[in-house]
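Participant: Have a look at this one before I ask anything.
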Ligand SMILES: NC(=O)c1ccc[n+]([C@@H]2O[C@H](COP(=O)([O-])OP(=O)(O)OC[C@H]3O[C@@H](n4cnc5c(N)ncnc54)[C@H](O)[C@@H]3O)[C@@H](O)[C@H]2O)c1
Ligand SMILES: O=C(O)C(=O)C[C@@H](O)[C@H](O)[C@H](O)COP(=O)(O)O
Ligand SMILES: [Zn+2]
């Protein structure tokens with residue numbers, strides 16, 4: 001088992017990475033304020049993994065209740081969130097009840113936000129079951145839901161007490177979802193880890209073949225990178241924004257097409273290509289750099305062209321982005337592969353990037 005520590009003074013926690021962690025209750029029980037948990041999952045993941053988790057918890061005398069939500073990005077809403085509150089209140093769950101998120105990033109984000117606000121805050125644990133959730137969404141405490149007018153517009157920074165990344169759950173992950181997670185993996189190489197980007201170029205075929213050794217290494221490296229960045233800037237006042245590479249464009253794609261049409265990772269991949277074209281417009285990365293990014297994304301089974309939404313539609317959607325400051329849209333751009341920064345772009349540069357990076361889907 002590999003363990004990454006997120007060293008936040010007010011809320012340090014461990015991220016354990018290994019196969020068959022679901023039943024290792026000894027990792028969970030010492031953290032509980034009372035021997036009662038509520039597992040939040042969805043209609044796809046629960047039939048696969050809920051029973052073994054629940055049986056292990058109950059064998060350790062921990063009282064379990066489960067909430068099974070509908071599956072999909074389109075359900076990351078206030079209505080679905082209220083289903084969690086309805087169940088917690090019906091079961092008379094107290095402030096010492098721990099919520100456990102068993103699923104991908106949608107479940108993790110909603111469960112974390114529910115934990116942040118239910119009775120003004122109850123503890124929660126992340127058990128991420130997608131690659132994307134294991135390398136990104138389960139770590140760092142960003143929680144929340146979508147709004148029709150914007151992605152992740154309602155939420156809170158609220159840290160889990162523990163993250164259990166059980167590699168065995170990736171055995172059942174659909175290939176499209178594995179690819180989606182690879183977008184966030186590749187993102188870490190581009191933002192500030194060129195050595196990792198180069199390792200990914202050399203190992204992408206093994207990763208897509210789900211070889212446990214390389215998957216475990218990549219997940220650990222991603223969690224180490226995210227833990228380092230979050231420990232230095234938990235509430236995204238500075239460097240944490242680099243984790244948003246590709247997201248200014250990417251969230252516009254998700255909102256513009258309708259949540260769920262493109263997977264988050266697919267939108268981020270296309271968004272990173274658009275950020276790369278914008279960086280090239282600023283003479284910061286080369287055609288060869290763009291070719292390397294494109295090749296790696298393609299080998300990961302990801303889109304390298306963004307959908308045509310119309311320039312004004314993109315600009316309008318991006319004007320809603322949470323990084324906007326004094327009305328100015330902010331982008332994460334690349335000085336070179338492995339070095340990124342936050343900057344503004346002229347309308348002309350944005351349109352040049354869209355012209356280069358969009359194609360009818
Ligand atoms: N909070 C953060 O820092 C952060 C970071 C990245 C992404 N996100 C959010 O995460 C969401 C995307 O997360 P995701 O890619 O995990 O999507 P997801 O949660 O929708 O899961 C993807 C699909 O795979 C299914 N699934 C999950 N685990 C499975 C398994 N082990 N076997 C078979 N099927 C499984 C799910 O039911 C779903 O259908 C987006 O809403 C995004 O905004 C948040
Ligand atoms: O943890 C972060 O910070 C990130 O930006 C990680 C992103 O991959 C993730 O999609 C996050 O939810 C996007 O942040 P948001 O603040 O734009 O919602
Ligand atoms: Zn993301």
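Every residue, even glycine, has its Cβ placed from backbone N, Cα and C.
Under the heading NAD(+) binding site, TrEMBL lists 71-76, 105-109, 129-130, 142, 151, 169-172. Annotation source TrEMBL lists Zn(2+) binding site at 184, 247, 264. If you look up TrEMBL, you'll see 67-179 marked as domain '3-dehydroquinate synthase N-terminal'. Positions annotated as domain '3-dehydroquinate synthase C-terminal' by TrEMBL: 181-324.
Quick one: where do these features end up spatially?
Facilitator: Packing around residue 172 (NAD(+) binding site) is summarised by its Cβ count: 12 other Cβ atoms lie within 10 angstroms of its Cβ, all protein chains included. A helical conformation is recorded for residue 172 (NAD(+) binding site) in the three-state DSSP classification.
Its own atom aside, the Cβ of residue 264 (Zn(2+) binding site) has 28 Cβ atoms within 10 angstroms in the protein chains shown. DSSP assigns residue 264 (Zn(2+) binding site) to a helical segment in the three-state reduction.
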Participant: Take the Cβ of residue 71 (NAD(+) binding site) and count every other Cβ within 10 Å, whichever protein chain it belongs to.
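Facilitator: Looking across every protein chain shown, the total is 17.
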Participant: Using the structure shown, find which entry in 105, 108 (the binding-site residues) has the sparsest Cβ neighbourhood within 10 Å.
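Facilitator: If we count Cβ atoms within 10 Å for the binding-site residues 105, 108, the smallest count is at 105.
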Participant: Cα-Cα, whole number of Å: residue 169 (NAD(+) binding site) versus residue 264 (Zn(2+) binding site)?
Facilitator: 20
Participant: Report the residues of the chain - excluding 184, 247, 264 - with C-beta within 8 Å of the mean position of the site's C-beta atoms, for the recorded Zn(2+) site, in sequence order.
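Facilitator: The surrounding set, listed in chain order, is 132, 136, 183, 187, 246, 250, 265, 267, 268, 271.
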Participant: Count the Cβ atoms, other than its own, that fall within 10 Å of the Cβ of residue 184 (Zn(2+) binding site), considering every protein chain shown.
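Facilitator: For residue 184 (Zn(2+) binding site), the 10 Å Cβ neighbour count is 26.
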Participant: Inside 10 Å of the Cβ of residue 74 (NAD(+) binding site), count up the other Cβ atoms and send me the figure.
Facilitator: 14
